[in-house]
Amino acid sequence: MIITKDHIGGLVFLCLSAAYGYYTGDISMLPGDEYEPFNAQTLPNILAYLGGILSIALILTASRDAGDRLSLKGYDFPIVVKLLVLVVLFSVALEWVGFLLSTILFLIGGYWLLGERRVKTLLIASVPFAVFIWFALSQLLDIYLAPGRLFTTLFGG
Amino acid sequence: MLEGIFTGLGTALMPFNILMVVVGCFAGTFIGMLPGLGPISAVALMIPITYGLDPASGIILMAGVYYGAVFGGSTSSILINAPGCASTVVTSFDGYPLAQQGQAGKALALAAYCSFTGGTIGAIILLFAAPALAKVSLSFQSGDYFALMVLGLTAVAAFSGKGQVIKAMIMTVFGLMISTVGIDTMTGAPRFTFGTIDLLDGVSFLLLAMATFALTEVVMSIMKRQHLEEEPEIDMAALGSMKLSKEEVKEVAPTVARSSVFGFIIGVLPGAGATIASFLAYGMERNFASAKEKLKFGKGALRGLAAPETANNAASTGSFVPLLTLGIPGSGTTAIMLGALIAAGVQPGPRLFVDNPDVFWSVIISMYFGNLVLLILNLPLIPYISRLLAIPRPILIPLILFFSVTGVYLVSFNTFDIQMMVFITVIALFLKLLEFPMAPMLLGYILGGIMEQNLSRSLVMSDGSLDFIWERPLTLTIIVIAFILLFMPLISKLFESRSQKGIEASVNKGEGG
């Protein structure tokens, strides 16, 4: 049997709907709410059933064409993982070293990952831009950007 | 109505709002020109900016970005045969051959004139149609609203194309599921928060829209190695004249008139939008053409370029009708605008006309300005704007990533949101690989909360019985339409395959001849 994208998608959503339906039971209700025509669990229950029915319908009507198999050829996954990790690191850096420094590091990291190796370009395309954005936000628009925990710990808030 | 037009003029003519139209059109044109990023991504990138503006200015900016992006998409279709979005795919059928014949300037000018005319005629119809519809919809009750939401959700699924209907419906349900995360507004009970404080407020609209449309689109282009492709070289000297002769204007005038009205009507249908309008208008124009003219289609026929360009802009305008009058978005892009309006405290729908006449009218009035800005400012500046396309991708992509991530961070100042964004992007990438459409999910998420409230109200009022569905003829009619739409794919599949065959045949003939 050929397993196509539709089969995988249907199965994933079937599991999701089952899990969603299972956790629907955990939603707390006020005493007597279960006798009300509509309570906090009503819509989630309907959605869980609807999701289940549609997922099964997708699996049953799924294309069985070999061309519809999930093909991961031709995609560059490592670079995507690296970039997404960079975004997560950016979120951590924002808290520790503040907006300006983390922006510069994020941009340099991004350019580097996508193949830019000239140091001059790396710096020119990141530092002035980051300084401009930081200046516009904190000085012109008066938005408070926390200096970063590292600096407040070292030099005091 | 005259009073409303003056209110709209008053708001739209404020210097700041005019600036928003101009900035929006420019930003939209630029983003729309980038291959892979279409109007949805362009509008999504604007959401954080609109948070700092009043609702009228915010939606004026977004509307400007919307037209700009559609126009930008046409530009890259014509110049480099790389449509920025689905609605300008047809533009490249005849636009690119024109550019290859050294008539890029003429093609661009024609595209701009047609977009302008399509948009303007659309805006005029909107001016009359929207208030009339809004007045009718003022008598709506909660049951009718619930039926409308069901209609909106089924319509989007119904128009999602061949083989995609069940997938679109699943994604709608998925969006509805996401909308239930957080504190239940009616009972105060936390739902699906798993004890996390960060989820008590639910998943933020901004975060979801930015993650699924801005971040995912950019990451997808990297995954497909588009950043390694050479930057397109556009020879500005070879653009040619931007003038159209009298004969040429005469030739396309009837096409433009037909496609405007046709595009607008298609745009009004919830879920149909600019893409279907442009394909159908092209097919229609080919059918109207004489046997001799038919041969020109696909080889650089002016009518073949005018029809889709007019129709997609008229449809963009038309998609504002259900948004402004019923609160149901006609397309993915208007779904994002709906979310942004709700976030700004404005509830689009029948009451918008009464409660926020300034928003209602200024959007309609600013559409004229938007079209005017595109024609007067953007067209002459195209050679310069397209130079931005020459910025190397390794530089451009991290900058877009930065804007989408900080756009979310600068609203909440919570770094958890950035991590959540990455998490949602991973899921969205997986779903895109499985060919699930994203727009229905966002629509389900946006309409979910309002739908639940109206369903709850109707059920409580009818004491738990489903009588409210057939008690009022209006509710019943809407529900029946929703069901008809569910079975529409069968009909539209037949229709689409016919017109598709026609278009393909014309393109093949064009290439062969």
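Each Cβ is built from the backbone N, Cα and C atoms, and glycine gets one as well.
What TrEMBL lists as domain 'DUF112' is B:18-443.
Per TrEMBL, the feature transmembrane segment maps to B:12-31 (among others).
Residues 20, 24, 27-28, 31, 59, 61-62, 65-66, 68-70, 72-73, 84-87, 206, 209-210, 213-214, 217-218, 316, 332-333, 336-337, 339-340, 343-344, 400, 403-404, 407-408, 410-411, 439 of the same chain sit 6 or more residues outside the transmembrane segment (B:37-53) yet have a Cβ under 8 Å from a Cβ within it. Sequence annotations record features per position, and here TrEMBL assigns transmembrane segment to B:37-53 (among others).
Feature annotation from TrEMBL assigns transmembrane segment to B:65-90 (among others).
The transmembrane segment annotation in TrEMBL covers B:110-133 (among others). Through the fold, the transmembrane segment (B:110-133) approaches residues 1, 4-5, 67, 70-71, 74-75, 78, 91, 95, 244, 248, 252, 256-257, 259-261, 263-264, 267-268, 302, 305-306, 309-318, 320-321, 324-326, 353, 360, 364, 367-368, 370-372, 374-375, 378-379 of its own chain, all at least 6 residues removed from its boundaries and within a Cβ separation under 8 Å.
Residues or ranges marked as transmembrane segment in TrEMBL: B:145-162 (among others).
Long-range contacts of the transmembrane segment (B:168-187) within the same chain: residues 153-154, 156-157, 160, 193, 199-203, 208, 431, 436-438, 440-449, 451-453, 456, each at least 6 residues beyond the stretch ends and with a Cβ under 8 Å from a Cβ of the stretch. The annotation transmembrane segment is assigned in TrEMBL to B:168-187 (among others).
Per TrEMBL, the feature transmembrane segment maps to B:199-223 (among others). Residues 35-37, 40-41, 44-45, 47-48, 51, 178-179, 181-183, 190, 192-193, 332, 336, 339-340, 342-343, 397, 400-401, 403-405, 407-408, 411-412, 417, 420-422, 424-425, 428-429, 432, 438, 441-442, 445-446 of the same chain sit 6 or more residues outside the transmembrane segment (B:199-223) yet have a Cβ under 8 Å from a Cβ within it.
The transmembrane segment annotation in TrEMBL covers B:261-282 (among others).
The annotation transmembrane segment is assigned in TrEMBL to B:323-347 (among others).
Here the transmembrane segment (B:359-382) has Cβ contacts under 8 Å with residues 4-5, 7-9, 11-12, 17-18, 21-22, 24-26, 29, 55-56, 59-60, 63-64, 67-68, 71, 75, 108-109, 112-113, 115-116, 119-120, 122-123, 126-127, 130, 134, 242, 313, 317, 320, 324, 341, 346, 352-353 of the same chain, all six or more residues outside its ends. Taken from TrEMBL, the feature transmembrane segment covers B:359-382 (among others).
Summarising the annotation, TrEMBL assigns transmembrane segment to B:394-412 (among others).
Residues 139-141, 143-144, 146-148, 150-151, 154-155, 157-159, 162, 165 of the same chain, all 6+ positions outside the transmembrane segment (B:472-491), place their C-beta atoms under 8 angstroms from a C-beta of that stretch. Marked as transmembrane segment by TrEMBL: B:472-491 (among others).
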